[in-house]
Each structure stands twice: as C-alpha cells, then as structure tokens.
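Enquirer: Could you have a look at this structure, given as structure tokens, before my questions?
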Amino acid sequence: MYGIEYTTVLTFLISVILLNYVLKSLTRIMDFIIYRFLLIIVILSPFLNAQNYGINLPITGSMDTPYTNSTREEVFLTSTLCLYYPTEAATEINDNSWKDTLSQLFCTKGWPTGSIYFKDYTNIASFSVDPQLYCDYNLVLMKYDATLQLDMSELADLLLNEWLCNPMDITLYYYQQTDEANKWISMGSSCTIKVCPLNTQTLGIGCLTTDTNTFEEVATAEKLVITDVVDGVNHKLNVTTNTCTIRNCKKLGPRENVAVIQVGGSDILDITADPTTAPQTERMMRVNWKKWWQVFYTIVDYVNQIVQAMSKRSRSLNSAAFYYRI
C-alpha cells in the first residue's frame, strides 16, 4: 500500500521536473528567435525608407508648415480636395449626376474617385458666418458681384490667412490695435460696428463716450467685418452683441491649404495691397465665366497647377479656428 503511494508521488515529481525542463527549453528557443529577429531589424533599418504612422507630429509655430511624407507619394493620391461653390451653380447645371461627372474628370488628372468633395453655400454672406474647411486642399469659388466687393475681399482675407484671436469684453474695457497685423473680426447675422477713439485722458476724440450716436460707424448690418483702426490709440466700441461676436485678432501668416477663385467680373479682387500680406499671395485667382459647366471644366483642367501653389495642412478646421488657434 505504501509502495503504491510512494510510486504515485515519485511519478508526480518526475512529471513536474520534466514539464519545467520543457518550459525552460521553449523559453530559450523563443528568446533566441526574438533576439535574432530584432537583430535583423536593427541591421536593416538604415536601409528602409517607409512611413511611420505612429508618430504624433507636434504642431508648433505656423500651422501651415508642411510635414514631408518620407514615402513621397504623389500629393493627389493621398489627399482630399474640397470644392466650395454657390448653390446657383447646381441650379443652372440642373443635372443630378453632375458631381459624378466631375469626379470622373478629376480622376483623369490623378485625383481618385472619393478624394473630391463638393460643398455648396447659399451666398457670400452666409458662407462668411460659418466657413468650414475640412479637406487637405480647399478651393473656394466666389462669383463676382459688384455690390459685394467688400464682402468678397474680407472673406478672402479671412480664408487665405491664419488668425490668432481672443474674446473682447467691450462693456468693460477699451481696446487698441498694436500694429497693422492686429484687426478686430466680427461675425454674426447682423454686425453694426461703431468706434470712438480716445485721447490720453480717455476722452473721446470727436465723439462722446457716453453717447453712442456720436461714435463713428465703420460697418452696418454686415455678416463679416474686419475692422482696422488707427494703431496705438484706445477705442471704445459699440457692437450689436446680440447678433454679432467680435474678436481681437492677430494675422499670423498665410493659410496655405486654401485658394480663392474669383468667377467672372471686370474687376479683379486683390488683397495683396494689405502690407500684412507677405509674401504676395498666389492663391487668389480669376477665371472667366459664361456658364458654370465651363467654370468647372477650367478648374478640372488646372487643378494640379492650383494645388502646386498651396501647402497641405496638418489638420482640419472650422470657423472656430478663426477665433481660437489651438
């Protein structure tokens, strides 16, 4: 009886020892394989040139700085392009498949189907209130209207440049613009802006700080206003804050993933006269207009030349980015 128990215990111990030996052998074999594999990777890594998708690139300085992809594929094979156009274009074309047609035409220029996005807007005024530019490259078509030249110029200035903005509390504080790059940008359904310049004693210059009727009116019932006043002078402001938001903004530099294309018009809009626009922008262009099909054909034909004057952004943005640069 005791012999059977001893045999059972001995068998169990031998089994444990054998299992331990097998596990240690497997561990040594796996270590050998892993270390050999890592050694091969270390030896070959200087000769490999591939994209590392695991790196989160830091955004410092200008957000328009392009990061070069080490694999250097053609830009249109890995990018998205947004085309913004007035709704009247789709109304005139009157073809349910016109976007598919254009997508196939863009494909002949190297842009794969699915990389082109079409976004319509009602008019310049409504687009300026909530511009959303989400693609790697954004082309904004603006049909020329002699009555909206100022709105078009201000919208182009807003889209083609990057702004760092902060809120303004006009009920408590006076504000001044420090230099030419410092502007006050207002957006809303109806923006009426009045200003009263102040002297060193905070008394109004040509106006009474207690009477807004004596303030100089610089904008009336507009949806987008970029206000420029005399630098280095304090101002008291009066703004229709119930329908408008005003921000204190600094122009940082070009927003290089956006191009504005003026459609038609005898006069050519130009924002390069602004001394803060440096270098002179090449991303504001004009095409002739007869029919919208002709306009889109022209865009397709020259899309790659247009993109060459632009730089791909590192992330998307919406109208909030014009107020807060994060």
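Don't overthink the numbers, they just go from 1 along the chain as shown.
A Cβ is built for glycine as well, from the same backbone N, Cα and C atoms used for every other residue.
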Enquirer: Given that Swiss-Prot assigns Asp228, Val229, Asp231, Asp301 to the Ca(2+) 2 site, pick the one from Gln149, Gln177, Gln262 that the record assigns to that site as well.
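Expert: Given Asp228, Val229, Asp231, Asp301 bind Ca(2+) 2 in Swiss-Prot, the matching entry from Gln149, Gln177, Gln262 is Gln177.
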Enquirer: Identify which of Cys107, Cys135 is listed by Swiss-Prot as the disulfide partner of Cys82.
Expert: Cys135
Enquirer: Pick from Gln177, Thr214, Asn238: which of these recorded positions has the biggest number of other Cβ atoms within 10 Å of its Cβ?
Expert: Gln177
Enquirer: DSSP three-state call for Gln177 (Ca(2+) 2 binding site): helix, strand or coil?
Expert: coil
Enquirer: Which whole-number value in Å describes the distance between the Cα atoms of Val229 (Ca(2+) 2 binding site) and Cys196 (disulfide bond)?
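Expert: A Cα-Cα distance of 10 Å.
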Enquirer: Quick one: of Gln177, Gly206, Thr214, Glu216, Asp301, which binding-site residues lie within 10 angstroms of Cys249 (disulfide bond), measuring between C-alpha atoms? Sequence order, please.
Expert: Gln177
Enquirer: Quick check on the disulfide-bonded residues: of Cys165, Cys249, whose CB has the lowest count of neighbouring CB atoms inside 10 Å?
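Expert: Taking Cys165, Cys249 as the disulfide-bonded residues, the minimal 10 Å Cβ count falls on Cys165.
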Enquirer: Which ones are near Cys196 (disulfide bond): of the recorded positions Cys82, Cys135, Cys165, Gly206, Thr214, Glu216, which have a Cα within 10 Å?
Expert: Gly206, Thr214, Glu216
Enquirer: Using C-alpha atoms, which one of the binding-site residues Gly206, Glu216, Asp301 comes nearest to Cys82 (disulfide bond)?
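Expert: For Cys82 (disulfide bond), the spatially nearest of the binding-site residues is Asp301.
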